[in-house]
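**Student:** Take this structure, written in structure tokens, and hold onto it; I'll ask about it next.
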Amino acid sequence: MNTRNTRSKQRAPFGVSSSVKPRLDLIEQAPNPAYDRHPACITLPERTCRHPLTDLEANEQLGRCEDSVKNRFDRVIPFLQVVAGIPLGLDYVTRVQELAQSSLGHTLPEELLKDNWISGHNLKGIFGYATAKALTAATEQFSRKIMSEKDDSASAIGFFLDCGFHAVDISPCADGRLKGLLPYILRLPLTAFTYRKAYAGSMFDIEDDLAQWEKNELRRYREGVPNTADQPTRYLKIAVYHFSTSDPTHSGCAAHGSNDRAALEAALTQLMKFREAVENAHCCGASIDILLIGVDTDTDAIRVHIPDSKGFLNPYRYVDNTVTYAQTLHLAPDEARVIIHEAILNANRSDGWAKGNGVASEGMRRFIGQLLINNLSQIDYVVNRHGGRYPPNDIGHAERYISVGDGFDEVQIRNLAYYAHLDTVEENAIDVDVGIKIFTKLNLSRGLPIPIAIHYRYDPNVPGSRERTVVKARRIYNAIKERFSSLDEQNLLQFRLSVQAQDIGSPIEEVASA
């Protein structure tokens, strides 16, 4: 799909250096064993794969964080396996509680255990509760981390403004492999002006985003935050699609049938529609900047589609960070930075299918350059922990729970949760359906229930906001139970309902389902 015009007789460059049109519409094929090693390092077998721009300290901290969070979830099933072998009867509750405290770090509600002598093991209920407790602990851990990184957030806001953006609104696919997009893949801290909402297939809600844009612009006008409305900065909307280089027709985007071309074009079309909506709904030159990013979920390397001088994007005009990684691996840090920024300019100068109208603005090029540099650390993160490519059990789906609603912005780790953003089940049924489909294979096939965390945020400054948010969470809870009644009747859906004030890091407040 070319958003500018059709050049049916011209060939498109592959990446930024080849004149061969990339195969976006892939045919059925088996996993490619040639990708067992990271493609950026495959030509350098004699060298340790460590890029000169990699932030080793950050990688170590992120690794410890990922291990500690996932370990809480991964302890649940081994705990249940031991519980299943404990004889039912008088000592059952005491033995299970002692085991829970030593294995999970907490005890269990008495009602999950007290009727064991007549009803047997309540393994499904215990699984749901233990998973919810692991999520609570993860949220608290990330909240502490966010509070300790306030200086990084302030620096990020300053960087956005220097690049000409007063807000950055990111809509990745809801796939759990993109759950760590901000802190890991892009290395961007959460700020009050960084918005992230995930949707199946990156198909974000244009009306919701238009309302977010209006709210942001009104705040600039009324409060001068983060800058005043007369400053020549823009609202940046980013859509993020994903693909798999090792198994493109099976491990790509589930919402688009693992069709890379469909995933890319759908995200690009949504971006164009959103920009048109802003321009049509508001006068006086109102508009936004848009950016499209692809993520290889095998390696976490990004592909950034470069806008031209008019802000138009093109499926074939991009910088592949796997290529820039290999090109700059042996250089000094300053030399590597120069090559990366030259790659952006070279993409803008592409001919054929990738040809655009001039180069992107200086601020946009600077922003893209920093994303590419940040992502080099993530490429090395995967190299150091997994040999350059995630193992087979993590290349596909390996989520621990379904997150429904506004999501837990604090908790962002790969393959931790499948995210379904919705206000009503009817409006976003596909998001929930895709999640249930994924967990049918992950959990139901093993006899495990599906943990569903329904979570919404409220504005504490608005009277009655919390009460209405609780009602909303309960309405969604009942709607999901009704939509998947056969699973619910078998106790195969384990719910946790909670609400939270809008401020990042605010306490999680669990609420009853009725």
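Glycine is treated like the rest: Cβ placed from N, Cα and C.
This is the feature table in Swiss-Prot:
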- Asp175: active site, proton acceptor (ACT_SITE)
- Cys173, His242, Cys253: Zn(2+) binding site (BINDING)
- 1-144: region 'N-terminal domain' (REGION)
- 151-397: region 'Catalytic domain' (REGION)
- 398-514: region 'C-terminal domain' (REGION)
**Student:** Within the region 'N-terminal domain' (1-144), what mean pLDDT does the predicted structure show?
**Tutor:** 77
**Student:** Around the Zn(2+) site formed by Cys173, His242, Cys253, list the extra residues of the same chain whose Cβ is within 8 Å of the site's Cβ centroid.
**Tutor:** Pro172, Asp175, Arg177, Leu178, Gly201, Ser202, Val240, Tyr241, Phe243, Gly252, Ala254, Ala255, His256, Ala263, Val295, Thr297
**Student:** May I ask you to report the DSSP-based helix, strand or coil state of Asp175 (active site, proton acceptor)?
**Tutor:** coil
**Student:** Within 10 angstroms of the C-beta of His242 (Zn(2+) binding site), what count of other C-beta atoms is obtained when all protein chains are considered?
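**Tutor:** If we count other Cβ atoms within 10 Å of His242 (Zn(2+) binding site), we arrive at 30.
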**Student:** Given the binding-site residues Cys173, Cys253, which one has the fewest other C-beta atoms within 10 angstroms of its C-beta?
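**Tutor:** Fewest other Cβ atoms within 10 Å, among the binding-site residues Cys173, Cys253, is found for Cys253.
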**Student:** Take the Cβ of Asp175 (active site, proton acceptor) and count every other Cβ within 10 Å, whichever protein chain it belongs to.
**Tutor:** 29
**Student:** I need the CA-to-CA distance for Asp175 (active site, proton acceptor) versus Cys253 (Zn(2+) binding site), whole Å please.
**Tutor:** 7
**Student:** When DSSP states are folded down to helix, strand and coil, where does His242 (Zn(2+) binding site) land?
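**Tutor:** Strand, per DSSP.
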**Student:** Could you tell me which three-state DSSP class Cys253 (Zn(2+) binding site) falls into?
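**Tutor:** Cys253 (Zn(2+) binding site) sits in coil per DSSP, no helix or strand.
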